[in-house]
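Report on the following structure.
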Amino acid sequence: METNESDMGFSKDNLKGFILALLSSGFIGASFIIKKKGLRKAATASGLRAGYGGYAYLLEPLWWLGLITMIVGEIANFTAYAFAPAVLVTPLGALSIIVSAVLAHFILKERLHNLGVLGCVMCIAGSIIIVIHAPQEHPIISVMEVWIMATQPAFLLYVGSVIVLVFILVFHFAPRCGHSNVLVFTGICSLMGSLSVMSVKALGTALKLTFEGKNQLIYPETWFFMLVVASCVIIQMNYLNKALDTFNTAVVSPIYYVMFTTLTILASVIMFKDWDGQSGGSIISEICGFIVVLSGSILLHTTREFERSSSFRGSLIPASPSLSTQLCGGNGELSKHDEENVAPSEEFCLRRQELY
């Protein structure tokens with residue numbers, strides 16, 4: 001019976017994790033839009049954007065509402081990791097992109113092209129494939145077991161590599177091209193996110209065992225994982241705010257999702273050995289599902305970029321830069337000069353977000 005459940009990848013725990021992941025995606029997707037509205041409102045009131053060191057958004061109620069929405073989503077996500085493997089839970093974050101895209105279409109007036117709808121469908125289809133072939137986790141009886149996994153040489157090498165890359169991005173690349181290259185801020189978020197998910201899963205497992213009567217709070221390792229979670233989340237939140245305020249939501253959301261999901265799955269496979277015991281067919285199906293989700297995310301992004309470029313064709317404002325331009329752009333001084341001479345309509349405000 002256990003073997004069949006594992007082969008199907010849809011045990012009771014996986015089902016709980018799946019439902020919690022869906023709820024999480026809904027709340028987190030909405031939080032992107034609410035927070036961005038708050039960031040815009042705060043920037044208008046103070047004149048200093050979060051992407052350039054401003055913290056006026058801390059006094060903006062709308063931003064706090066977005067933060068609370070994100071916290072609710074993260075709590076659901078946190079709980080999902082306690083029941084299901086990261087290989088199942090993390091890719092379902094693509095659904096938050098769909099929520100974000102739909103809400104951005106109606107609230108931020110960022111148009112969703114018909115092909116963008118196809119991208120949404122691809123994300124959903126890929127997620128279904130992943131859910132069907134998701135692995136069943138091996139039972140964990142103590143947080144010490146997780147600690148042994150976290151201190152194995154392969155995972156320690158991954159952690160060391162992440163820390164070195166984050167330091168390079170923060171101290172070398174962020175001051176030089178953080179406001180012209182979308183990969184800098186999102187890269188920092190994604191790298192730290194992969195570590196936070198591993199710690200969240202460890203902490204969630206410890207709390208789950210504690211609620212089941214096996215107290216794990218007596219182990220210092222549990223509190224260490226809690227400290228890592230708090231540290232990583234603070235760093236993620238800071239640089240996610242910078243990314244959202246500097247670049248358009250349609251740019252940040254899919255790129256952040258692709259990088260974060262890829263790194264998290266890699267970290268989970270190294271630490272928790274998610275694919276051990278799975279057949280080659282199941283692993284290939286999961287990878288294919290993941291590729292479909294990534295393709296849908298990219299299609300959703302690129303069609304929205306094309307729609308914005310087309311809508312401004314023939315106007316006095318230059319066409320929207322392509323994704324390659326955003327990834328490899330210059331310092332954006334000309335764009336900032338143009339910003340001062342553009343009428344403050346909603347469409348033009350969206351335009352300025354991209355031209356930084």
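Just so it is clear, glycine is given a Cβ too, placed from its N, Cα and C backbone atoms.
Taken from TrEMBL as is:
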- 15-34: transmembrane segment (TRANSMEM)
- 55-76: transmembrane segment (TRANSMEM)
- 82-108: transmembrane segment (TRANSMEM)
- 115-135: transmembrane segment (TRANSMEM)
- 155-175: transmembrane segment (TRANSMEM)
- 182-203: transmembrane segment (TRANSMEM)
- 223-240: transmembrane segment (TRANSMEM)
- 247-271: transmembrane segment (TRANSMEM)
- 283-303: transmembrane segment (TRANSMEM)
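Sequence-distant contacts of the transmembrane segment (15-34), counting only residues of its own chain at least 6 positions beyond either end whose CB sits under 8 Å from a CB of the stretch, comprise 62-63, 65-67, 69-70, 72-74, 76-77, 79-85, 88-89, 92-100, 103-104, 107-108, 131, 244, 249, 252-253. Among residues of the same chain six or more beyond the transmembrane segment (283-303), those with a C-beta under 8 A of the stretch's C-beta atoms are 87, 91, 94, 97-98, 101, 112-116, 118-130, 132-134, 250-251, 253-255, 257-258, 261, 265, 275, 323.
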